[in-house]
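Here's the structure, in structure tokens; my notes come after.
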Amino acid sequence: MMWRSPLARVRDALRGQKVREKDLRNLVSNLPYEGLDKWKQPNRYFPGNSIKTSKYTLLLFIPMNLFEQFHRLANLYFVGLAILNFVPVVNAFQPEVALIPICVILCLTAMKDAWEDFRRYQSDKRLNSMPCLIYSRKVKQFVERYWKDVRVGDFVKVVCNEIVPADLLLLHTSDPNGVCHIETANLDGETNLKQRRVVPGVCITDPEFEAESFNSIVVCEKPNINLNHFKCYVEKPDKDKVGAGIENLLLRGCTVRNTDHAVGFVVYAGHETKAMLNNNGPRYKRSKQERRLNIDVMFCVILLLTMCLVGALGHYLWLQTLPGLPPYLVPHSNGHLDSPSLSSFYMFFTMIILLQVLIPISLYVSIELVKIAQIFFITNDIDLYDEETDSQIQCRALNITEDLGQIEYIFTDKTGTLTENKMVFRRCSIMGTEYPHKENGKTSHWTLKLVCCTCTVVSPHVFIMLTCGAESTSVSRKIDAYLDFFLALAICNTVVVSMATAQRQRVSAEFSVDISSFISAADVKLRDFTKLDALYREISQTCSLHVPRSSSEPAVTPDMVCYEAESPDEAALVYAAKAYGFILLGRTPDSVTVRLPSGEDLRFEVLDTLTFDSNRKRMSVLVRHPISKEYVLYTKGADYAIMELLGTPYAGISDCVSLEKGNQKNIAADTQQHLDYYAKEGLRTLCIAKKVLSGREYESWSADRHRALAAIENREQLIMDTAVQIETNLTLLGATGIEDRLQENVPDTITALREAGIQVWVLTGDKPETAVNIGYACRLLEEEDLLTCTSILDCTLEEVRRYVADPRNVDTTPDISLVIDGRTLAMTLSSDLQERFVELAKHCRSVLCCRVTPLQKSAVVKIIREKLKVMTLAVGDGANDVNMIQAADVGIGISGQEGMQAVMMSDFAISRFKHLKKLLLVHGHWCNSRLANMIIYFFYKNTANVNLLFWYQFFCGFTATAMIDYWLMIFFNLFFTSAPPIMFGILDKDISAEMLLGVPELYRTGQGSGEYRFSTFWVSMLDAFYQSLVCFFIPYLAYRGSDMDIFSFGTPVNTISLFTILLHLSIEIKAWTVVHWVIMLGSVALYFIVTLAYSAICVTCNAYWTLQSQMVDPMFYLVCIITTVVALLPRYTFHVLKNSIAPSPLEQARHLDRMDPITRDQWIKEWRSFRGGGQVKRSGLSVPPSPTLGTSVEAYPPSPTASEITGDEFTLNVISENYNRPVHT
């Protein structure tokens, strides 16, 4: 290796930084430069694939860890005081002794950090040493290397079931169609297979990949965290550019499945890979109590400075009153004493050192221990375990458990969160005729039979013929439309097809979709039809693109096919098409194969796939028909996104002479009528459409599409523009209605949360009618009214204000539910309407937002949290809920059918919405109550103890002298009184879980300030001052005039302080267990054992034999008993009077808890019956008959009128006129 000058190295480093910061990167193959020095490599400026997530090294651990710990102001404060104690003029006691508490805390924290970092180091070493295959020009083949050896520009081969070591641009696969199946569970938690395809036309070597023949330039964007987008193009030697995107990229951490091998070109390595850029480590949030704690610590600092100022001023006055030079004031070496003002200045800092315990050094460590224990109890709660998915609750944010007990607003998604997200195909409308399916088909007598028979070849198109007795002639004229409808269901999706025999080396998470209502074609039930016989004509082999199966190739049966869909909706549609005989057999990047009911296979050439996005609200697949050679675009999407794009009616319908004039124009209206009814039934709706393009139209569009795919700048917008360009003048085929059932116990959970004082908002992308129906089903909505514009919004707001201001309604509040769609929401969130919307929403018991985008979800959460200053919780299950989850104070992800992205970005993860009830009402209440009481007790304990030293200063000339031995002072807070408050914060249970679940209103006690209030803190501090006065002055009066020395006097004072502090905690403990008794009695025993041993062993110490001499004096026991009783009498009396005269709801609940379970449950039942708890009013909506083509609008149930709305309960439906328009963001 040639020597390079330091200047050249610096110049190369600066050039590398500029290259890495460029928006575009030009990458070439490393093979021509193999074996050369690193500085001659073309891709040398980009990092290698070795990763390092550990923070420390062996040599630099101590200084780096100390530097990190000193970012915590409390540690810096105590270290500063310990250093200050080394200054002779201000030291309060032995400097070495002052270092012990902070050193113990720093060492414990350092040990924890070292263990965590060592685990990270082991994980890094394991990953960097994983084997992989890299192509070597020297040996002309792929050789085994480690992950850490991979560099940008290498060619890496990944075999089946192996993990991808870096971000690879896919160039070659073993699949003849250039497809590679991957599983992204390590990135987003999704276990379904995804297809990746090779960059077309770049590597045409087959069957083996020849890496040395690759001489193109790969131009890609600089690394970013977006897992769903990738901009790149490959420039061939002839300057031809081939666009590439995320569909051509294998991300680090993905697993190759069902593909023998794949070869890729490394574009990002190491910490520049998308997986590593998204690895942000554990989430950290500051809880509300932590923010309050910091404020109270500042109050303690102010109190400490005040006490030290009093001490300094007292010392100055004491020196001024001295008649001469007392013998105990030792002058300096020069024979002079400091002036009183200078001595008092020094004494100020000495007092800070003496009274430093007023700031609780061990409080932060104790809080961490308590939260770890709380998380342990939450994760091991058997009621929060889901047996079906074999999953338990996950706590991903370790420091906000107490926030679960202070939630005031819940924002929840609907699909997959309130519902199962297990889709059941229930209804479809084809060419204006509606076909409802009865679940499981038990009651219907009408059956669709799929029977193969011969029929005459009448056209080059493939179709099915539906007959129904006398009506067979008219129905048969719609055959092309029915064929296209079911073909669209089978083709227009991104479902990955795999064989049931394909093996994965993992425990497969089975894709659960309830298809019991259509799993067999013979069980599909139709209404308003006589028995239908499906007649199919044979497909001529000469005009079909289907390749006949050879005799040696086994036939693919429907049972051998497995579907892996990215969403349950797509799976439901594909299974529905399969039930009707249209079986999706295979999908490649260039083709899709469908088996018709007749048994013949059609292979459509896939020209392009326009994937779904939140702006278009639809997806399309452009194919070339294998028989007619037409260019056909199949589109499916939201109804409002499809209806506005309709053009001419279906071509074949206009030729039907038996149809009434103008009936083709009614197809869209009839379909819309069916869609509205589906939505009112709570079904998820989709519209299916098609478009036939001419050859000239396709060629022109294809050129624009190719340029958009090859673009780097503004690529997403160009791709969307080409999609919008072709998705016009669509022909409506029909619509589908898919049922998504509510999860178990969702209505009871929402009812309990509302009774707990929590306002529940549902933010969903569904239609208003669908969302409203679900709102009724889950007891979110009660009655119905209509509000259509912002002027009425003002009127409604004014009426609510008048209702609240009316003296007759002082003790009542209107139960208001607000329903608003995304278009109206966008207007109300504008600057001029935002305040009015928030004020109206503040009076609403629940709010339902429909047709909202992910960004609107997060905007709503942020506005409510910031404007109303409330604690918010967001819960969702999909990637579209991530923004909302991150915007809330507490984010909860549900591990459902839409992957794990919401779980991975959440603070807590649950498997069912019903678990939210116990998580908040029980664990949230316990965590909040326990931690709040422990923090308050910690401040009280330290204040009561340190004030003993402060009162003594009035009798020692404020010289910062202590009457207690320094070691015993340290042991007091470090050992004698440290375990009881931690035990108190972990195990105290003020109310049982049964009572908290039976009376959800008890949760309200923790909302707002809760138990940790400004007044509670200062009452405890005043109580600490009172108790310290009693604990000091009663012994002082008892022993006044005796010949007792100061340390003999300090021993009973310290003992009394221990008894008082522990018995004070005994008063606060709500539920005693064996652990409580052991810890409390153990602390007392430890105090006497350690003090007796220390005073007996340490002959030179000030406390020698002091406790022994005190314990033989009866006065010691009498003083201890009387002083403790007097100190605790006010607090005990206050508790007795408060709980007897004006008991709080919590105290009343504790009284019920002491009853036997049968009596307690009966009381709760009678109490709920008396107040109407759990009885949620429902509007009298009867289930309407299933509409048919001839059903009039009057058959649908009318909306309730104003006269039908009774009482104070009413619902405001804020729906913009013409709401079925696309939402543009």
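The backbone N, Cα and C atoms fix where each Cβ goes, and this holds for glycine too.
For reference, TrEMBL has these:
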type	residues	note
DOMAIN	43-97	domain 'P-type ATPase N-terminal'
TRANSMEM	73-91	transmembrane segment
TRANSMEM	97-115	transmembrane segment
TRANSMEM	293-318	transmembrane segment
TRANSMEM	345-367	transmembrane segment
ACT_SITE	ASP413	active site, 4-aspartylphosphate intermediate
BINDING	ASP413, THR415, ASP877, ASP881	Mg(2+) binding site
BINDING	ASP413, LYS414, THR415, GLU570, PHE612, LYS636, ARG684, THR764, GLY765, ASP766, ARG851, LYS857, ASN880, ASP881	ATP binding site
DOMAIN	903-1143	domain 'P-type ATPase C-terminal'
TRANSMEM	952-976	transmembrane segment
TRANSMEM	1017-1037	transmembrane segment
TRANSMEM	1049-1067	transmembrane segment
TRANSMEM	1074-1095	transmembrane segment
TRANSMEM	1115-1134	transmembrane segment
REGION	1175-1200	region 'Disordered'
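Same-chain neighbours of the transmembrane segment (1049-1067): 937, 940-941, 944-945, 948, 962-965, 968, 972, 976-977, 980-981, 984, 1027-1028, 1031-1032, 1034-1036, 1039, 1080, 1083-1084, 1087, 1091, 1103, 1106-1107, 1110, 1116, 1119-1120, 1123-1124, 1127-1128, 1131-1132, 1135, counting only residues six or more beyond its ends whose CB sits under 8 Å from a CB of the stretch.
If you check the recorded positions ASP413, PHE612, ARG684, GLY765, ARG851 against ASP877 (Mg(2+) binding site), the ones with a Cα inside 10 Å of its Cα are ASP413.
Inclusion criterion for the recorded positions ASP413, ARG684, GLY765, ARG851: a C-alpha placed within 10 angstroms of the C-alpha of ASP881 (Mg(2+) binding site); this criterion is met by ASP413.
Listed in sequence order, ASP413, SER614, GLY765, PRO854, LYS857 are the same-chain residues at least 6 apart in sequence whose CB falls under 8 Å from the CB of ASN880 (ATP binding site). Take the CB of ASP881 (Mg(2+) binding site) and look out to 10 A: across all protein chains shown you find 31 other CB atoms. Here the binding residues for ATP are ASP413, LYS414, THR415, GLU570, PHE612, LYS636, ARG684, THR764, GLY765, ASP766, ARG851, LYS857, ASN880, ASP881. Their largest Cα to Cα distance works out to 24 Å.
Remark: the transmembrane segment (97-115) makes no contact with the transmembrane segment (1074-1095), by the rule of 3 or more CB pairs under 8 A.
A Cα-Cα distance of 10 Å separates THR415 (Mg(2+) binding site) from ARG684 (ATP binding site). For the binding-site residues shown (PHE612, ARG684, ASP877), fewest C-beta neighbours within 10 angstroms: PHE612. The Cβ neighbour count for ASP413 (active site, 4-aspartylphosphate intermediate), using a 10 Å radius over every protein chain in view, is 30. According to DSSP, the secondary structure content of the domain 'P-type ATPase N-terminal' (43-97) in residues is 24 helix, 0 strand, 31 coil. Averaged across the domain 'P-type ATPase C-terminal' (903-1143), the predicted model reaches a pLDDT of 92.
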